[in-house]
Structures are given as structure tokens and as C-alpha cells.
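Each remark here refers to the structure printed beneath this line.
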Amino acid sequence: MDGDLLHGLNGAQCDAVTSQAAVLQVLAPPGSGKTKTLTARVAYLIAHQQLKPWNIIVCTFTVKAASEMKERITGFVGAEVAKQLKLGTFHSISLRYLKQYGQHIGLDKDFGIADSSDSKAIVKRIIKQHDLTIDAGQARNRISTQKAKGIDSEQFLSSAKKIEQQEFATVYREYEATLKASNLLDYDDLLLRCGFLLRKHPQCVSNVEALLIDEFQDTNNIQYDLMALFAQRQNVITIVGDPDQSIYGFRCAEIKNLSRMKQQWPDTFTINLEENYRSSGAILNAAQRIIEQDESRPPKSLQATHSPGMRPILRKLPSATGEARWLVSEVQRIQAMTGGLLQPGDFAVLLRSAALSRTIESALNKAEVPYRMIGGTRFYDRAEVKLIIDYLRVINNPANSEAVERIVNVPARRVGEGTVKSLHEEARSEGVSLWSLVLDTVQGRCKPKTKVTDATHKGLAVFVNVILTCQRKVLDSKTEPIALVDLMNTVLKKLCFEAYLKKKYAEEYEARWANIEELIAQATEASDPERLRAMLQEDALPAIDGLEQRTASSTEDMLSMFLASTALAASSEEKPEEEGRKVQQLTISTIHAAKGLEWPVVFIPACYDGSLPHSRADDNDEERRLLYVGMTRAQALLYLSCPIKNTQREETTLSTFLIQPGVTGFFEEHGPSITLHGVTGLATTLRRDCPQKATIDEAKRKIERDEDSYWPLNGEEPVEEVAKWDHGKGSGMLPAFGTTRPAAGFTSAAVTMQQGFSTASATIKPEFISANARFEELREQAQLKKVDHRVQQTNNKLDGKPKGGKRQIEGQGSIAGFFAKRSKPEQVLEAHERDAVAFSSVRPLQEVRNLPAESRPKMAEPRIMDFTKHKPRNAPLHGKPNTVTHHMHKADNRYVFLDSSPPQAETDENQTSDTVPTSDVVEVETSQTKVRPASTFHTTTVQTAAPQRKTYGVRRSMNGWSNRGGKTR
DNA sequence: TTCCCGACCCTTTTT
DNA sequence: GGGTCGGGAA
């Protein structure tokens, strides 16, 4: 047993798993085997300390972490034992205690859970009603903060001095009153009330022998209290955490809880895990460089166990859409260049905010790359799903006036917003629920003050009928429980829901209906008596002598259980059906939701001030940790990127965390060139079989270019295909990487992957180079630019007639032909290609390859231009092109020297912009991208899966597309 | 006068 | 997806 349990663990991990300490802290940096250690310890406690699994509580913060933990523990101890563990999020475990022992603290049996939309709606209504000026969202957060601090509304009111505080106190008080009247608990209440229960009735947890907590750095004070309460009998506690990964400060997480714990239990034993098994050395170095910017942070060691690998990439792009297009092209390029070693499932896009996903999703859709979204809108929060859930909630608990308000006029029943608001207000002032006012109105028992037209009255009657019919169904089933799924079908039928969706969403209807089908499938599962029994058993807490328990049995209970589970569900889509093999999907996720996960290739787009760090964040250190968490998700390849214009077309500034001195040295400016050797190294790192060369070559033929060379490194727009070939339109071209760097630069860029895997240490660029060296570099760039110009002119002569963009694309299709016919040995060709790339102005390598040998660019005599005097306006040639927008950064009232640009670059720009030679002024006509009809975007899940349950990959309407594309006008 | 619907704006992170 | 505004229908 020991052998199995401890197999593959390192010394520190073993110590942690087998530690005899009662209170144990395991400090585990990213990729150090945190979950592995925690799960092994659970198994160890059962196997070697003879603890009963049902006496062990394991707490996580997210549902996803809970299910992963369960899976891993099952691997150790088997499903039977794993099921008996009390494992879940803090909220779900609290809910179990409240459901079973809530009556001891006067909690009604059928309390519902107020989700965020309920809470927000309540707050909003109170604010409006009192004509206050505070922001609803902020007030809602503030209530949560107060609750997390354990300050109730009365306490707050008594200490409220300022008018503003008193206003908030009013909102807080009425919010609490509304929850109580609606028989609802919000998320914070679940924890608070559970704490209250366990304090009052400690015998509820008298059976608990051990408590284990994951991601402890994210606990807030209530959760800390709960920890102490859960463990109050035996005080056996294991926590794992990492202060560097604390990213829930906004939820009042207290990193201090680590030291608080040591004070409370002075015998606390601490074990540090220090070896990283996830990321390549180069990625780890870069991430360390970022996190170390926090000077208040104690220095820590984190050892890489992998070879340095490929250096991470920091890429500049013109716009959010450009960034998305580039990202997709890199996904495709890397996939092809590795000959299928990497599949879509190996890529993840991690975002600061979920809203950023839209542009990326539409680019992925366009390229038909399958993806799934974690975080952002939860399945149960999708309009159509939420609506049905709200109907069920009202059927279960009509006192929930917020839910009534949301559904009373959906589908439209001529009950307008004004009427509903007014009725709601009237109900509130009468001290009744909205539902009972509506019911009495419809049944003629009362005549509301609010004006109700005939049409509206009719509409209300229809609504009341739906609810009453369904409630009757539930009640009638007391003797013979009906399945939840029947109830749901009744609702759908009564609403003619399918027809409603068809009308409302037109061409998007299918995806919406698929979501409903998924919901039905879930209800079917929940209705299965077998499953239900199993679930009840799993949820049940051990019987305690002399303490009465409530147990669920009827349809009513089934309904409220189902609703509770939807309220606490993960904000993620379920795993796609795995039929035989894994369905390959790229993952889009918020960084928060990605914690604890890993992928071979990770993209973090939108790395600019305002997004990361977010403009609304008040703790920059936390934002930095967020970047750190994101970066450390990557195993082999990490891309950070930044559009130089945001979605509002304003100029952006590269993230503060990335413009610190020395940071750029850890990054490449463009995606890696990938050699066969590199693929081998990658395969080794990921412990996968290396694909055959033929497979790689085959895959390469399908992509447009095999280098990340289309988007200029300085973040400007690439020259459109048409402009490239239309020689009449001026010759100055914007540089892509292969064209502005001297050949030597290109070589060094191309070599990274080989170098990374074959040598012991990654080469790190010097942080600064001397001004002199810099000047040399500038001169070299200038020469190149002139050469480019020459080459262009030569080409004009060689290749007289202009070509259209379309034809050029056709040309790209024949790369394969070129390969087949080529007569030169590969190495010679490579050298030639290098030159060609270095000297052709904009043509990507593939195009150059397509040219007949005699028209390929030739070496030309460079003409030296003095760059202290001349600078092309639109071709930013201050050395590395991407240094243009951020030469200097003002911080702490002094200027910080960035990106290793020489100071004269700044003055240069101002003084000499008028002396630009006209031939270097670029004028590019960009053609609009064609808009595809919305219908082509709908299914985002791979077609081959053919799942029984429909997939629900479509997240939302893709506004931009469906508005313009699909509709007739 | 009230309601409905399309068009257009902006969007922190989670239970 | 939510909020708001304005045109057109009831």
C-alpha cells in the first residue's frame, strides 16, 4: 500500500503525505504537485491512520477543484470509499449541514439560494425605491464584504456616521429583510449560518476526525472560522496553499490566515514543496521574474525540473481583432509544425475578464477551431436556461419576487416593465409577495392600485395558470413522486417554449434549444430514483446521537435539491462527452477559473494596463499574482500578447508588469520557429510519441506560413495581400520579423527551440545594451530597410505585371508542388531561404519559396542611411520595431528606461519626423474583412463527436456577427 | 399611454 | 448579456 501511495512522490511530498503533525501547512508553488500531495494524504489517513472516510472533510474553493480532487482520490482508494468522504466546496458542505440541521437554528426547510442575479436585482430595487445614488453592483459587493467580515446590518448601522454610510446601511438592512421575506440565503449566508449552527451545536461536527483544505490562501475570515469549527473536536487539519497564488482578495481572502493559523495552533508544522514539475525552465524563469517584482514578498525558491525549452513570447499586435487572428494562426501553425503532436485540447487562452473572449471566439469560429469556455457565463445563467430554472424556482418558492419579476412577462404577455415594477413596489409596501398580489389580482380578490389594462390582466392570468398547474403537479405527486423531468416538460409545453425560442432567436434557435435539451437531460438524471438515492446517501452527514436530522424524500425536496445544485454549480461547461477518445477542444478561460489547471500551450492576450492589471482592481499586487498564475499554467509554450489599440480603439500601454526593466529579456518577440529537433524535444517534455517527419511535412502544406511572420513586430497593421503585390502603390512596407532583422537576428530567433532543448540553460538576452551597440543596431536596421526598398524595385522590374490578392493566395496553395520539384538539398535551401527572408520586404517565406529561382530576391548593395537624421514616419525603425510606443515609462516620478531603447530614440522622433524621404512613407489601403453569415458560427464543438446529448458550445449570440450578417436588414 | 423590438453601447475576478 | 434609446404598433 505504501508503495502505491507514495509512488512517484519526492521527499518533501512524502513528508507531507505521511506527516504525523496534527496541524500541517503545505506550501506548494505552481506545478509542485499540490493536489497529488493532498489526495495522497487523504488516502494515507484512511489507510494508515484508520480514519473513516465519512469522518473526513475535504474543502475546496471551486466545484471544478472538488470534482478533480474526487477523481484523484478515487484513483487511490476506489470509488466506494471516495464517495463516503465529505468532499466539496465550502459552500456545498455548508449547505449540507444547513439542510440537515438547519431547523436547530430556526431555518425553514425549503430555503432557496439567492444567486447573483437575485441579489443584484434586490439591491437595485432598494436603491431605486429610496432614490439613492450609490451604484448597485458596488453596494452588492460591499454587502458581501461586510458579511465576510462578520458585520451584520444592525452593527453597520450603529457605527455608520457619514450620510453615505447610512445610505448603504439602509440598503444592507432592507436587503437582509428582503432575503428573509423571500426565504432565501445568499452565498455568504450559507457560510455564516453554517458557522452559527456549528457554534451553537458543536455536536453536529463531533464525528469529524480530519479536515483538509485546498488553496488555503484564498480563505476569508468566515471560511477560516468554519475551518476551526469543522475541526473543533480533534483539531486535525491539513492545508495546502501558496501565497503567490492568492487571487481572491476581492472576496476578502486573507493571506494572513496562514500566520493566523500558526498562532492559533502553535504546533503547526510547515512543509515547503519547491520543485516544479509542470513548466519549462524558460517559462518558470519569466514567471519568477514577474512575481519577484513584489518586494513585500518573501524570497522563495522554485526549482525547475524540466529543461529550459522555448522562451515565452511577448507579442505586439495592432488591435484586439488582429490579436485574435494572430492567436488563431499561431494555434494552427504550432499544430501543423509539430505534426499533430499538439491538438486543440493542448491549447488554452487565459483572460483577465470573460468579456474579452468575444473577439477570440469569433476568430476561432471563423477558423473552425473547436473550443470550450470555462468561467464567464455559467450554463445555468444562459438566458434560455435561466428562464426555465426561474420558472422552477417560482413553482418551488413563489415568495421569490425577483424570480417572479424576471419571468412574469416571458414569453411576452403584454405585461410591461412599468406595470411589473409598480406591482412589485405595491406588493412590497403592502408587505406581501409579488406573487400573492398578482394571484389575488387575477382571481379577483383584490384590485391593485397599479393600473392594469385588460390585455395585461389576461397576460397575468396566463402566467398564474402556468405556475398553479405546475404547483398542482408537484403537490399531487406527494403520494406518488413524479419525476423532475416531467415537471420541466410541463413548463416547456405550457410556455410553448420551443416556438418561443424559434421566434426570438431565429437562426440561433438550434443552439439555444440544444441547451434546453441538455437541461432536460440533467433533470432526467436527477429524476432517476437510483441516482437520487445514491446522491442522498453521499450528501448525508453521519448520524449523531441525540441530534435530529432532516432527510429529503418527496418531489418537493427533489426539486429544491436540484435548484440548489444549479445555484452552486461551477461556472464552467461540462466536459465534452468522451466517446472512446477525448474530444479535442481549445480551452478559453478566465485566469481565475484556470487556477490549478495546466496546458502545453497557453496564451494570455490583452496584457495591457486597464485589462491586466485591471482598471477597477485596487490591489496591483494581486493583479501581478494573477499574471503569475496565468503564466505558470503553461507547460511548454507561453504566449503573452498586447494589442496596441484596445477594443475602443484607444492606444494601450503594455502591462506595468511587463515593462519593468529586464523583463523583455525573458521573452521572444514572435512565435518560435520549430525545427524537427524542436518537435522531438517537445515530445520528450510532454512524454508523447514524436510524429514522423512525413506527418509534419504533410501538415505544413496545409498552413499559409511556417513562421510567425505575418504580423509586424511593432504591432502595426500588416500590409494587405493586395498591397504587397501591387507595386504601383509605393514601396515602403511595414516590417514583419523576418524582414527587419538582420540575418543574424533571424538565425538566433530560429534557433531558440533547438537551443532550449539541447543546452543546459536558456540564453537570456542582456537587459540593456550600450547606446553605442544600439546605434550600430539601428544602422543595421536602416541598411536593411534600404535593401528592402531595392529588392522591391528589382522585383518590380523582374515581375512586371501587378498581381491581385486572390491570385497570390492561389500561389500559396502550391507550396507542396514547390517542395516536390525542388532540386536543392535542404540545407542549401535553408540558407537561401534565410537570405530571402532577410531581404524580401514583406513577402513571407512561403511566397518567396514559390517564386522561380531567378526572380527570388538577390543580395543588393546596402545603402547606409544616417538614422540620427532620418526616420521614416510609419516604419518605426528604432532598432527592434516594437519599442516604438513604449520608450519610456514614468513611474514613481522618475523615468524608467524601457525595452532597452536608447534615450535618443525619444528625441529623435520629435525632431526628425519632417525630414522623412517620401519613398519611405507608407500608405496602405486596408480592405475590409468579409462578414460571414452568423449561421456559420453556431456550432463550436467538433462535428465528429456526434454526442447523444447535444453539445452546447455556443455561448452567446456573437452580437457583432448576427446583427450584421444574418438578419435581413 | 404603454408596450415591443431592434440597434447600439459597455462589460473584473467567484460561490 | 444587460442597459438604454427611439421608432412603430396596440
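Positions of Cβ are set from backbone N, Cα and C atoms, glycine also.
Note that this is a predicted model, so its numbers are computed, not measured.
The domain 'UvrD-like helicase ATP-binding' annotation in TrEMBL covers A:7-280. Mean pLDDT, taken over the domain 'UvrD-like helicase ATP-binding' (A:7-280), works out to 94 on the 0 to 100 scale.
Taken from TrEMBL, the feature ATP binding site covers A:ALA28, A:PRO29, A:PRO30, A:GLY31, A:SER32, A:GLY33, A:LYS34, A:THR35. When Cβ atoms from all protein chains are considered, those within 10 Å of A:GLY33 (ATP binding site) total 22, not counting its own. Reduced to three states, the DSSP call for A:GLY33 (ATP binding site) is coil.
Annotation source TrEMBL lists domain 'UvrD-like helicase C-terminal' at A:281-596.
What TrEMBL records for A:788-808 (among others) is region 'Disordered'.
The region 'Disordered' annotation in TrEMBL covers A:899-969 (among others).
Look at TrEMBL and you will find A:925-946 tagged as compositional bias 'Polar residues'.
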Neighbourhood of A:THR35 (ATP binding site), C-beta criterion under 8 angstroms, separation at least six: A:GLU68, A:MET69, A:ARG72, A:ASP214, A:GLY596
For A:ALA28 (ATP binding site): DSSP state (helix, strand, coil): coil
Set of same-chain residues at least 6 away whose C-beta sits under 8 angstroms from A:GLY31 (ATP binding site): A:ASN276, A:TYR277, A:ARG278, A:SER279, A:GLU598, A:THR632
A:PRO29 (ATP binding site): tally of other CB atoms within 10 A of its CB: 25
Cβ neighbour count within 10 Å of A:LYS34 (ATP binding site): 23
Beyond the site residues A:ALA28, A:PRO29, A:PRO30, A:GLY31, A:SER32, A:GLY33, A:LYS34, A:THR35: chain residues whose C-beta lies within 8 Å of the centroid, for ATP: A:THR37, A:ASP242, A:LEU273, A:ASN276, A:TYR277, A:ARG278
Sequence-distant neighbours of A:ALA28 (ATP binding site) in its chain (C-beta under 8 A, six or more apart): A:LYS34, A:THR37, A:VAL240, A:GLY241, A:ASP242, A:LEU273
A:PRO30 (ATP binding site), number of other Cβ atoms within 10 Å: 24
